[in-house]
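K.L.:
The structure that follows is given in the form of structure tokens.
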Amino acid sequence: MAAAAPLRPAAGAPPGGPAGREAAAAPGGPRAEGAEGLFVVLGAGLAAASHPLLYVKLLVQVGHEPLPPTIGRNVLGRKVLYLPGFFTYARHIVEVDGKRGLFRGLTPRLISSTLSTITRGSVKKAFPLEDMEHVSNKDDVKTSLRKVVKETSHEMMMQCVSRVVSHPLHVISMRCMVQFVGREVKYSGVFSAIGRIFKEEGILGFFVGLVPHILGDVIFLWCCNLLAHFINTYAVDDNFSQASVIRSYTKFVMGIAVSMLTYPFLLVGDLMAVNNCGLRAGLPPYAPAFTSWIHCWRYLSAQGQLFRGSSLLFRRAPVPATCFPID
């Protein structure tokens, strides 16, 4: 019998057989570096595209309401006061600062986003995902839970390290944006802002608001991953024809729900980043000078404002119902 002809390598396959493929896929290989560069570009593009939304949200978070509320009706037909939504607020910013004004503070945010992406990639290289055991439908309950805990711990480590590295630029971006409130020019550039913060507040000034941000990230990851795991394990029947489709969307849906629960941590972290830094938005009447993030949390809780800025479309004005005559 004639010997079988050797198989030809697939088109586009890395040269050198299995060894070449392993080198290309290994951390630090050409594909890994290309993927990391792509993630940096995509992250920067997403940050730039979403910046006007974050800008308006921050101004609402600090309590800046330059436009009067308008009278509308709720789902029950009763008259209520609505504060300006995102589009009205953004139009006001354009009228004051022009279209470029919507991107105030974008440069430090892009740097922060890039640092975060690069840091996550570096942590992945140091602790490769290939060493992690991924959850399989064939696992028993105990084994699958152990894998979820291990994967979540890995995600938490990456998120915490990237948050610490990128937070100083996040602080600078927040302060650049809230200068709109008092029309200040204290923070006019990244390097000058770094020098000013270091001179006035020391090294700790770059990390104000870091603790609530990290706590929010950690709580979000664990709640989201564990809830998705328990729902997929106990609530989704394997005999259902669309079980795999439902499981693929469970984590996404849980992420939306949990993000609302952890929003107060984001709010407190952002307010602490601008509080008592010499800008009008961080001083009375917008907020007292907080001594800690817990002080800030308690103040917002007492005011019923822990979710301020969580919605930018339909924002009810905090006025008593007696302001309107009974229909």
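Cβ coordinates are placed from backbone N, Cα and C, and glycine is handled just like the others.
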K.L.:
Given the ranges 1-29, 175-203, 233-261, 291-319, which one is assigned the annotation region 'Disordered' in TrEMBL?
P.N.:
1-29
K.L.:
Could you pull out which residues elsewhere in the chain have a CB under 8 Å from any CB of the transmembrane segment (252-274), counting only those six or more residues past its ends?
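P.N.:
Tertiary neighbours of the transmembrane segment (252-274) are 58, 61-62, 170-171, 174-175, 178, 208-213, 215-216, 219-220, 223-224, 227-228, 231, 281-282, 287, 290, 293, 296-297, 300, 306-310.
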